[in-house]
Amino acid sequence: MVARIIDGKAFASGVRGRVASAVAGLEAAHGVVPGLAVVLVGEDPASQVYVRNKGIQTREAGMASFEHKLPAETAQAELMALIERLNADPAVHGILVQLPLPRHMDAEAVINAIDPKKDVDGFHVLNVGLLGTGQKAMVPCTPLGCLMLLRDTLGDLSGLNAVVVGRSNIVGKPMAQLLLNESCTVTIAHSRTRDLAGLCRTADILVAAVGRPRMIRGDWIKPGATVIDVGINRIEEAGRSRLVGDVDFDSAAPVAGAITPVPGGVGPMTIACLLANTLTACCRANGLPEPDFAEAGG
């Protein structure tokens, strides 16, 4: 048995296409254009690439893109003032502050200064609480993308055993909550978990989000399980640099029923879900029906 390869790149393209269609319809029917503001502080090379890609895809979807680039030495008060202006701007429906921030800034305070209704990253404490109580919330983009891929692959997730390896606020915890909201039986594993390999072998759904290259091997995986690899790790191998996930793909693929590759799996879903969240925020701000992007993107 060789696992079905879950093509996140193709699925994300479908989501972006549906977002673009909905944006065009929104403008034609109501004269409303969703707007996404992205704030970058400093000159982190990876962050610059992410921000550039977000701007390109935002504009391709027919949305307004507002990019604010501030020097690394910017005072936190100045950043807070910018966020306050964006909160008050009716043309801006989504606000994203690119992480990581410079060390002198309090990232938690900055994120919680964003209007929760415009918090398209889903990191504001109010959205975290709403998600945790099963209410309507802005959902973090990467876990939302993972859930879309799981629903497309498996259909109804209720009753399945899910193990999420990693307990970060950005991926692990919200992923576990989303799966719980889907009526899965969920276990969160972390660095102190005993017999991690044995626990992983109980999972019908295994989500790896630990940031350790190829940590999860094929003999950790239940035959036929669906494996979602969130990890993006750059390693040197055979004299060249390459990206690998948290799962050892070569040993996992013959065991799993379905698996996301790295690259081309979860990664493309993140920006697609950011666009979907921005559209959702725009619809909510204008009292309009929200498109449903929770199902298949193709």
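Heads up, the Cβ atoms here are built off N, Cα and C, so glycines get one too.
Here Swiss-Prot flags Gly166, Arg167, Ser168, Ser191, Ile232 as NADP(+) binding site, drawing on sequence analysis. Using a 10 Å radius centred on the Cβ of Gly166 (NADP(+) binding site) and all shown protein chains, the other Cβ atoms total 23. DSSP assigns Gly166 (NADP(+) binding site) to coil in the three-state reduction, outside any helix or strand.
Cβ neighbours of Ile232 (NADP(+) binding site) (same chain, under 8 Å, six or more residues apart in sequence): Leu243, Gly245, Val262, Pro263, Gly267. Ranked by Cβ neighbours within 10 A across all protein chains shown, the binding-site residues Ser168, Ser191 are led by Ser168.
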